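Annotated in Swiss-Prot:
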type	residues	note
TRANSMEM	26-46	transmembrane segment
TRANSMEM	48-68	transmembrane segment
TRANSMEM	97-117	transmembrane segment
TRANSMEM	120-140	transmembrane segment
TRANSMEM	148-168	transmembrane segment
TRANSMEM	174-194	transmembrane segment
TRANSMEM	226-246	transmembrane segment
TRANSMEM	280-300	transmembrane segment
């Protein structure tokens, strides 16, 4: 479809359309890592105002960035089976309304962070928002097959944001959590890119399977998964976590490697999408294990 429906008509949007613009499932996973960052940062407990309004501010800014992504990608979304029913692609929300909504979310999020956390958290969150909405969505996504590697730093920021919200300063520990998500991002997205290779090619998006082929991508997924396993052990190495986390990191990472190997071998028809799905469970469970282990250590 050469001309988007969203450029011809704008049926009245309902609240669910605006909620969809925020990519709520992605935001929830980001908030989990932000919460872990907060709780790991202090032994004394996180003030409820920081816990509630700090995470709400981060969520609003993330939702604003996601809404900008919908606007910029509306033509691409209309061409892909996974995204063609999104609000802008189907014309349920206009680009102007979506941008106004994104700006409102970002301003509200920044106001909450400045009021209830600290300026450093607000600045870092703003940098993450711009990194995703402008640098990744506006440029990198269409410019290079390494788009999600370079742009992955913005999406890896939530545990750092949570840590800084609770403490007011940066340190090595939250940067290690950022590194874990940074290493996780390529195998997570490239597995999906293999599954949706034809759609990305149709939309002219230079994802790695489109530009370099599936075998090359599978090799890199395997290599990044090995790197992720190694990086995920560093919290134990630097005594940030204990044995419980170590066991969980090894078990979860081993399973991720198993899926990456199955994908590489090409022995199962749905290995790519199953690897993608497992990667989501992996990140969620890894950070939960880190949090549980932290409180076990505090009570010893």
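Cβ coordinates come from backbone N, Cα and C, glycine included.
Here the transmembrane segment (48-68) touches the transmembrane segment (148-168). Their Cβ atoms form 3 or more pairs under 8 Å, with each pair 6 or more residues apart. Among residues of the same chain six or more beyond the transmembrane segment (120-140), those with a C-beta under 8 A of the stretch's C-beta atoms are 54, 57-58, 61-62, 64-65, 68-69, 72-73, 102, 106, 109-110, 113-114, 146-148, 150-151, 153-155, 157-158, 160-161, 164-165, 168-170. Nonlocal intrachain contacts for the transmembrane segment (26-46), taken as residues 6+ away from its ends with a CB within less than 8 angstroms of a stretch CB, comprise 54-55, 58-59, 62-63, 66, 155, 158-163, 165-167, 173-174, 177, 181, 240, 280, 283-284, 287-288, 290-291, 294-295, 298.
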